[in-house]
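Feature annotations, courtesy of Swiss-Prot:
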type	residues	note
ACT_SITE	Thr241	active site, nucleophile
BINDING	Thr201, Lys230, Thr241, Glu327, Asn466, Thr471	substrate binding site
TRANSIT	1-33	transit peptide
Amino acid sequence: MAMAGCNGFFLHQLRQPRLQLARQLGRTPSRAYSAPSNGSIPAAKKKYVPTKGTYPLGFRTSGTIVGVKPSNTTKPDLALLTSDAPCVAAAVFTKNKFQAAPVTFSRNLLERRKNQGIQSVIINSGCANAVTGKGGLEDATKMAQEADKCTGQNESTIVMSTGVIGQRLPIDKILNKVPSAHGALGGSHDHWLAAAKAICTTDTFPKLMSRTFALPSSPGVEYRIAGMTKGAGMIHPNMATLLGVIATDAPITSAALPSALKHAVDRSFNSITIDGDTSTNDTVALFANGAAGGKEVAEGTPDYDAFRAVLTDFAAELAQLVVRDGEGATKFVTVRVTESASEEAARRIASTIARSPLVKTALYGKDANWGRILCATGYSLISEPGQPINDVPEIAPEKTNVSFIPTDGTAELKLLVNGEPEKVDEARAAEILELEDLEILVRLGQGDKQATYWTCDYSHEYITINGDYRT
């Protein structure tokens, strides 16, 4: 550990002249895991970006260059999504106490409108409009009002922002570009991709998905769902962890949509972590305009169960794209805790393992250090200093098992069996840890409940990116 610390110190020293020169020239240095400065997508990430899609009827999107950050003159940073008809809409927001102005504005609007009559969402990147006081709330309101003018519907637009905290928006620049954003709206794949690019900050690739589905009562109707999300850092659940917009042309009631979204978010965006930080701006919103027709979906029906399942699977895949783009990440890691006495205990254990810096750095170093996994498991349910370990009956060391599960379909590598260490085949462990995707499986031997989290490793690059973020 001391040697690793020294290596980190010398790497830091070597980087300083490069960082200082880059700042003098008004740019940040190139980074191995960051998006290239010309806006192109790294070769290793292109496989996650769709080249086509099937998008919901009646929705149009655009991505427009504003220059919210003074250094940005080439990349779109204002996204607009609009429905041709008013939607039922719902959103889940951050639980961070310092909630950003757009979060406050959008939450209040949805409450006033009772999740109905929402037609647009406008999103800027480059500035979070968080911790900006009354002026920030006024700016968020102005953004919504300008979008409302374009649709001709008052109080029909929610707002999202992402970027640096504690700075005011260049609101006049944004407002001047809203008509252009509206004029550029379209329903093609390129339009959706442009919007997905516009909400990115430190993301190395735009995160966009679409698919079709059917409902039991309308087997002849093809419904569509599409979503875009952004996030690469400051990702840890205590609501939704990032920005996400999902739209469907299925007809969903205003009572059913919020409950379906909450269920989906708890099992997707609330089950990922990159660095354990919960943002001030986290928002995931869901819009349903009913443009595809068919019977309206209400709670307590087979249609509702089917839609909720589709939404949950879709949201999970969308959330996993965020983990695959974790700042500086080289691995996508599934942490699965099974045989738990309760789902809550399984979630807390999986979450603790997934955000442990020691686990994440070991994975980056391709080190089969299962002791760190066991350590995180052991303290995961201790909520207060001095709490007796007898107060944590959900974990029994003599029943606990830990394994690596390869993603290539080969046999699991058992590391701990019933609390006893296995003789680890280091060569086999090295093969598994060379893979981009891997799974950590913890069996508690206490019941039949389980939980899954998705995370990534920690590399030197994570520190470089976040040490230089504001430039």
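Using N, Cα and C of the backbone, Cβ positions are placed for all residues, glycine too.
Not measured: the values here are computed from a predicted model.
Feature annotations (Swiss-Prot) mapped to structure.
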residue: Thr201; record: substrate binding site; Cβ within 10 Å: 21
residue: Lys230; record: substrate binding site; Cβ within 10 Å: 26
residue: Glu327; record: substrate binding site; Cβ within 10 Å: 27
